[in-house]
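If you check TrEMBL, you get these features:
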ACT_SITE  GLU197  active site, proton donor
BINDING   ASP46, GLU82, GLU131  substrate binding site
DOMAIN    14-206  domain 'Thiaminase-2/PQQC'
Amino acid sequence: MNTLTCHSLLTQYPQAWKEATIHPFLQQCQQGTISPQQFNTWLVQDYLFVVDFTRFVARVLAVAPVEHFDVILGGLNALKNELIWFEAKAKERHLNLQITKQVTCQEYCNYMREINQMSYPVQAMALWAIELAYNQAWQLPGQMTSPYNEFADRWGNAEFTEYVKYLEKQADEALHKSSETLTGQVESVFLQVAGLERAFWQMAFNAF
Ligand code: HMH
């Protein structure tokens, strides 16, 4: 039995989580001052990220207990729509999605493959952390104006928030049943995810 929970990770590492979810990129979206170059860089790189994230979630499903299928399958269904939505947003902006990943995006995608080699409790926690990062990041700046409100709503809406709560519950269940010996690895993955989230915002912000 392990006493580690998702909530305890957030309280143990508040600074890392703050840096993952609060960034000038998002504040400038809220103020409407982000440059098209910065925003479009985020859009295309995040599309490429989401393609690999979908593969990540599919691999988490493959090792999840059957009781956890409903929530993860719901997530995969939402990702199906999200990919179509990203393609539509890119088309509106005349952006080419057939480009190569920037280093930070590639590093994050590589890291998800590494997480997929770890045990289910670690993967379930990582899935929760990755989704919570966007759920909070897009909500924290406050109401955004067009066109950014559409992006903020995608990850900040009530249904997505509910989905993230279910992911937390499932991760907590899996962690609870795991050995104390897993604690160091869980903490390390949480901190890596937080650092990669921060780096991803910075990557887009740097694209002047
Ligand atoms: C970088 N993290 C990044 N992109 C996303 N679309 C998500 C998380 C999804 O929550």
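Glycine too: its Cβ is placed from the backbone N, Cα and C atoms.
Automated prediction, rather than curation, is the source of TrEMBL annotations.
Remember, predicted model here, so these are calculated numbers, not experimental data.
Proximity of the binding-site residues (ASP46, GLU82, GLU131) to ligand 1: a Cβ under 6 Å from the molecule is found for ASP46, GLU131.
Cβ atoms within 8 Å of the centroid of the Cβ atoms of ASP46, GLU82, GLU131 (the substrate site) belong to the same-chain residues PHE49, VAL50, PHE53, LEU79, TYR134, ARG154, TRP155, site residues excluded.
There are 21 other CB atoms within 10 A of the CB of GLU131 (substrate binding site), with all protein chains counted. The Cβ neighbour count for GLU82 (substrate binding site), using a 10 Å radius over every protein chain in view, is 18. The Cβ of GLU197 (active site, proton donor) lies under 8 Å from the Cβ of ALA20, THR21, ILE130, ALA133, ALA137, each on the same chain and at least six residues away in sequence.
Using a 10 Å radius centred on the Cβ of ASP46 (substrate binding site) and all shown protein chains, the other Cβ atoms total 19.
Across the residues annotated as binding substrate (ASP46, GLU82, GLU131), the widest Cα-Cα separation comes to 13 Å.
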